């Protein structure tokens, strides 16, 4: 994969592409800064700079020069170049198919919509947001038509986040997943031996949480010479450049789980970015396969490592060095049960492992209905609440806790939510595959997680985006999308926690 | 000054110029991040991005489009546009006069030279750095010839940092300043009642220093909604954009003066940037007049406010809330004397107020000699040490403490050092002028520094770079460069501290 074997046009193409990466670094640093450090008054000018630089990237991605590279290198004999061209061509086509004026209107609409949504959520006033959402849905329908699809209009949108995954794929797995989760949740609800979280929800100073979170990142093998941990309101991981992959977290002094499991989650994303192949740096394939595969990495670490009983058997002593005195009175197993409490919530981002996929399915069904014009925006609040009641057994009393809770629609993103549930299933499948050569629990007991990280590096991270998600999954696990691994994991784990 | 009155070409020109400011924001955020937060491994790619973005700025500044705006708007009837065009034309000419290939060579040379210098300083090995410095001097001589000058070749370099100031200007004031400082230093040296710094050089936790530094910035009127304070190795202030002006400082737990006076100094720079006229934002005149005028602001706050006895009379109680217990035993006046100790040092950046200008004069005389080919690079160490002995009465034992101490030459900057001493004289002149309407001591005693800040806002900051430094000085103080104000200030202050 060294540049030595590239032709001169290939080298030129990579040099050209590197400009996009350079602008990307500036944009990502600005975004990180806005979400962690930037003073308020500078935000307005910063937004203008961000939009200026994004425009430059757009120009490079959709230029005649780019088209010329695509035409010249489509049949390159080098696999990296060939795949790179496929990736940039897809973006080129997606962008060029939308008339410039329409795209501008859409960008303006979404930038207004986000602040309207913020206010609407605060006031729990769906009607305020409705006209914007109606326009956003209409734009997404138009875009889907421009981009094209084979079977279902929603496929055109899904493809932006999870290439190769279609409505057909999802409709094959989601109903089974929903039914199986329904059975498990019923067992949880009727359990007579539920965990108690009272003892763990005690005041836990932020600095102590941070110190422990840093310890855990270190155990995971996160490279602090190529990253750092900062505080934010909405946690994220970001690759400012490939050797500068930062993690952020949020502290709730009355519930340490937010920061600790949030850090492990974002740390999982960061390990993916830090694990990309150095030989691919600055090429279009030096990127995650998809949102879903990215999420498989974060959920892998958060759930299969961080919420694993062996993890707490091994590290509870360490944890007690940071935790308030009162934790010393909590038996290790009770602590483990408490951090894994299953409890339906209105808010997706506060959901436990078991109910989380149901939140996603609700959004998926509504999005699919909207894009296929089978349901109308005006009916969303009612539909949302009905589905919450049906799937989770709870009904939001206000739209702020229901249809208005997520930012995604206001910024124009349709087709993104399914990746969260896909990542979860991918993750469980990867866990099964990894367990064939590596015993996660043993690695934890050895206080050496490097075999786990190494396996993920070799099987996922190093490959960049050379393959599409379902192809990669097949290559690594030997099978296609299969929800059984997730169900099996949840059945085993929660049967023990809830003693059913 | 509103855009309402601009012609369409003027508006186009300002839009064009705004792109430079947008790139500038990205570049400055990256620089701030590199010096405060960035993980090590990401630095190499970051440097490439910085060089890419700087190239974009260079292209915009030297384009045919820029030339066309200059030609069209040279005689604009709007004073802001007219001055803006003068400023961009100067840069355009400076850049265009240097052949592209030569400039590239120079950039490569200096980027190598800086790391060679770092190593040479560590090893105190001037010979290692000598060949690079010789080439850098040769380039500066060539550039000065390309740019042109009336009387002295060094004027061409000075003009980049302090427009309108020439060797003639400096040679009129520096000898007198040197002689007067010599007399004062002699009085200090022979004083029988010197301050004692032992008691203040005690362990002072970083967090406490930071908390007090933040308090002082607040007293100065620094706007935290448009800025923030961070830690760094070499302190600086930076306007990431005009509403995001950040300050950095360095903590020495055994000498709190570094952080406290360093913060006040950088805070003075920041107040300048925060005080620029909003109507001028994103125009070429929304900038400091010169390096020297910038330095006049930082030194004003550091010395005339922060090292002022009234300041400590007023705020010593507050300081004691943060300082270690042992400070309670130090009488206020002894504390004040200790923070103003005069003591010749080898290292410029550790110098006190009185000896500081002598460090600058040594560099000025050597630079002038090199650029006029009156002295040779190989003789620098000897010449440096001789001058140190002559002016400061101390002789460095190694070049790391002498000729190798400053980074400036390695990055190619010649003509910059005089601005430090000019800023000091400007500052003292401004203090005299300000004192005619505002009593600094009274403002401090009222715990309200806003009249001081307001005066500087009105007389300096709000004017942007509409004028050249000596013209602005004349406008505000009624006279040209005059070292007497500085000498008078030092005489009064140190006569009292040293009881002569």
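Quick reminder: no glycine exception, Cβ is built from N, Cα and C everywhere.
Just so you know, TrEMBL annotations never went through curation; they're auto-generated.
Taken verbatim from TrEMBL:
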type	residues	note
BINDING	A:265, A:269, A:295	Zn(2+) binding site
ACT_SITE	A:266	active site, proton donor/acceptor
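In sequence order, A:237, A:266, A:268, A:294, A:297, A:298, A:299, A:301, A:302, A:423 are the residues of the same chain, not among A:265, A:269, A:295, whose CB sits within 8 A of the CB centroid for the Zn(2+) site. The two recorded residues, residue A:295 (Zn(2+) binding site) and the residue listed as 'active site, proton donor/acceptor', show a Cα separation of 9 Å. Long-range neighbours of residue A:269 (Zn(2+) binding site) (same chain, six or more residues apart, CB within less than 8 Å of its CB): A:236, A:237, A:247, A:294, A:297, A:298. Taking Cβ-Cβ distances under 8 Å and a sequence gap of 6 or more within the same chain, the neighbours of residue A:266 (active site, proton donor/acceptor) are A:235, A:236, A:237, A:247, A:248, A:249, A:298. Neighbour count (other Cβ atoms within 10 Å of the Cβ, all protein chains): 24 for residue A:295 (Zn(2+) binding site). For residue A:265 (Zn(2+) binding site), the Cβ neighbour count at a 10 Å cut-off comes to 23, with all displayed protein chains included.
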